[in-house]
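Engineer: Pasting a structure here, questions to come.
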Amino acid sequence: MPSSGGGPALRGLAAPGVQTRQHAGLGVVASVLPGRRKGRTPRVLPGLNLTLGYTLFYLGALVLLPLSALVIKAAGLSWDAFVAAVTSPRVLSAYRITFGAALIAAVVNLFFGLLVAWVLVRHSFPGKRVLDALVDLPFALPTAVAGISLAALLGPHGWIGQWLAPLGIKIAYTPAGIVVALIFIGIPFVVRTVQPVLEDLEKSLEEAAASLGARPVQIFLRVLLPAIAPALLTGFAMAFARAVGEYGSVIFIAGNMPMVSEIAPLLILVKLEQFDYAGAAAIGSVLLGLSFLMLLAINGLQAWQRRAHGGEA
């Protein structure tokens, strides 16, 4: 009895046409890649040696070379002069304000960025596309414009500041204003890092956990959080790094008072205006080193979390 669909007779009748199309396809490929050797897998990009060379050249020319120039400039100081330049009370205060405000802003963005990403992924509502576009606005908006807007909004005579002033609440021209500015420019990093991961998560996992009697908090902690933790850490690191180096949006709302609301990037500019290039390089090199160490620690924590999650799986 002839088999249905896959019998020898049917396969024999179909084989010539299939083979003809296959040979035609191979002919087209061969005409496009005349130098391809038989049995060799074609590559879209060049081999490892060439691409790695391009990568190292790109990173070296655009990243390592400028940073090396900064370190070499700072190395022109003697050790005592370097220590004196980076440990003066004004510089230490600027470091504390810069890293403290950046850390607070990154933590706030971690929670609210996750909330915004969750709303954009799991809910449909009128104006969703507008809200999705607004998330990217801090990317496109010049930082000076952001600082002026925040100062006009939160200043003593601003739309919101004039109502807070009688209550004794002052945001503009204080460290709190710095945190607000850093939250504004940092939240897109968390949202855009977490959003694709949430989109790839199957909702059936949450439904299965709920059907087994898990509460919403348990579903989040045991199902969702392990899956999105690497993305959260990446977004946190990017928001923190961006906040540490932020200048344009902060100077308009910080007040820039030494020992009170002066950030390290502004202090570097002050040193340059005083023609103290070595002192500015010393402050910048310490800022660079501390930022790199914190990012390295966050990346290590992220790698550990991935290994732990993979081991549980």
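Glycine is treated like the rest: Cβ placed from N, Cα and C.
Automatic prediction, not curation, is the source of TrEMBL annotations.
If you look up TrEMBL, you'll see 95-296 marked as domain 'ABC transmembrane type-1'. The transmembrane segment annotation in TrEMBL covers 56-76, 97-119, 139-159, 171-191, 219-240, 247-271, 277-298.
Give me the local environment of each listed feature.
Structural biologist: Listed as Cβ neighbours of the transmembrane segment (56-76) (distance under 8 Å, sequence separation of 6 or more from its ends, same chain) are residues 82, 277-278, 281-282, 284-285, 288.
Under 8 Å from some Cβ of the transmembrane segment (97-119) lie the Cβ atoms of residues 131, 135, 175, 178-179, 182-183, 186-187, 189-191, 194-195, 198, 228, 232, 235-236, 239-240, 243-244, 246, 261-265, 287, 290, all in the same chain and six or more residues away from its ends.
Residues 67, 70-71, 73-74, 76-77, 81-82, 85-86, 91, 94-95, 98-99, 233, 236-237, 240-241, 244-245, 264-265, 267-269, 271 of the same chain, all 6+ positions outside the transmembrane segment (277-298), place their C-beta atoms under 8 angstroms from a C-beta of that stretch.
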Engineer: Taking the transmembrane segment (219-240) as the reference, which of 139-159, 171-191, 247-271 gives the largest number of Cβ pairs under 8 angstroms?
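Structural biologist: Per the Cβ count, the answer is 171-191.
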